[in-house]
């Protein structure tokens, strides 16, 4: 072995060429390849706490009141390295919590504050999150003290809650239960722009048509949480900004009243920072030098802290007393005329005309100095937009009502991605059930499961009907925001009962049979639907020569239409389901990519996705009875035929359309089967083919059945947080 060349050029002979930082990855070489990495995230290999760590058990040891006291003390314990504005960190902590929770979007349930992802790229380095690294460093001594008993995710949101309480707001409540991740998510699409704060209309823009924001995005620019505070594309126009606000907040499931409350309540305290030159700031945390130790936006050319801090570039406080909860925001916004100006950093902002001296906030360091308050374009939208103005006027006239609406909206903002109340923990969990929590009443557990199974088996329903209905009921689950799933049996309610992908005619027939059995047995329809799917699988396994009992956990309840926000559930409608070989229409995204997205939301691994596809095909569960991918002559038997025939080199594959193929016998030229892209990707993609070959092996027929049952049970129980 010769190392002289590497050594003589100053390169390390051991690591030279190793994949440690910059290098061409497989995705760089083959950008159209499926990114299966999204199915393999956040496992024990990256978690320093180990596979046996149980956060809920750790929470039971937490002294909640002591933690809250420490957080309140932190608010006024100003540090020299990053001084608190007016001696109070409340505004900074609220912004940190807001921007942690505020990445949530209802379309796919991704984002939000439930994982502590603000600690990692890209969020830790978004322009809109500038200097929030300082907030997390201020929290570190408290995190260090309480250790595993409090996650970063919970701590960041709780810090925002305590900030509001320390300034006089009566909050609605708080729930612990957010578990930390240990590396950035690989499944969240933040946009395709190649630069921060890219304007609409440019390359890879998230906008099309008449300012139509790409789904599932809920922010107007790459690197922002919601809207541009200076105006659309940085051009002040409150009416246009109002439209951006309406879209982005709606994509977080917030209505106009909640939007006004959150905007005003967020700006009642704290300030924006732009008293200096943005050009003096160093790189963001991910781009900073090693010795910066994960801190970004450092100013090494001027003071850069206190009154000289630069963050957004906008400068000033919104209210006269920015460290207390009051109604001054609406007083100033609605009582004064406002004119457009620029901050010292060159950012557009609005300042009042002829404001009284006593209405001006004091300097963050010297109370003898007063400055004009300011408003962003988003704030001015609350005054100029007619609907927002009506709400603002009501809040101004009724401060108590404003405080109540804000407290509830803040709770919704910071808890929306946590899922049902079964996941909530702690002494401050509100007793009230809120419709956005998708409440489900508890179901019975004390009944004879085998007796119900016998009734289902004798009902005349086919294996396909039973399995398809159970799958359709459970497949709505999203591991992102913990919504959907079989619990509640909302498949029988609007809007789900009418979704095209649920085949309403077939669904209605099956539900009529199962509802009768549920009523006779005194159990929930939700349990009966899942149990029917299990019965179908057991029958299919027996037909394949394998005796198996599918695990079942009773206790699901039946939700009512009054407990269901129909509009909110519309976003759960499947546009495609590769497991049932169905697409509502053709999309830019390929069918196999949509399958991958669905599998990730169901929290499936690639092997689990693979075995489910193979099983669902031979069970005859395709949408509309389609024969695509049904590579078997024994439909209804849980065999590994799908994989055996997919990997058989006796066949060749020919495209017949955009998403259709024929599988042809090489010798005779006879068409044996038809398929879709979703079917053939398990023979085309090298990783998926490796899994398919495992299940095609002669010695793995029983393993296939057992693995299918395990993956099926995982999906059926995905929303059973009461079992944890």
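Glycine residues also receive a Cβ, built from the backbone N, Cα and C atoms like all the rest.
It should be emphasised that the depicted structure is a prediction, and the values quoted were computed from it without experimental measurement.
Positions annotated as active site, proton acceptor by Swiss-Prot: 99. Other Cβ atoms within 10 Å of the Cβ of residue 99 (active site, proton acceptor), summed over all protein chains shown, number 22.
According to Swiss-Prot, the feature heme b binding site maps to 267, an assignment based on sequence analysis. Counting every protein chain shown, the Cβ of residue 267 (heme b binding site) has 26 other Cβ atoms within 10 Å.
Annotation comment: Swiss-Prot describes 95 as site 'Transition state stabilizer'. Residues within less than 8 Å, Cβ to Cβ, of residue 95 (site 'Transition state stabilizer') and separated from it by at least 6 positions along the same chain comprise 132, 135, 266, 270.
Residue 99 (active site, proton acceptor) sits 13 Å from residue 267 (heme b binding site), taking the CA atoms of both as reference points.
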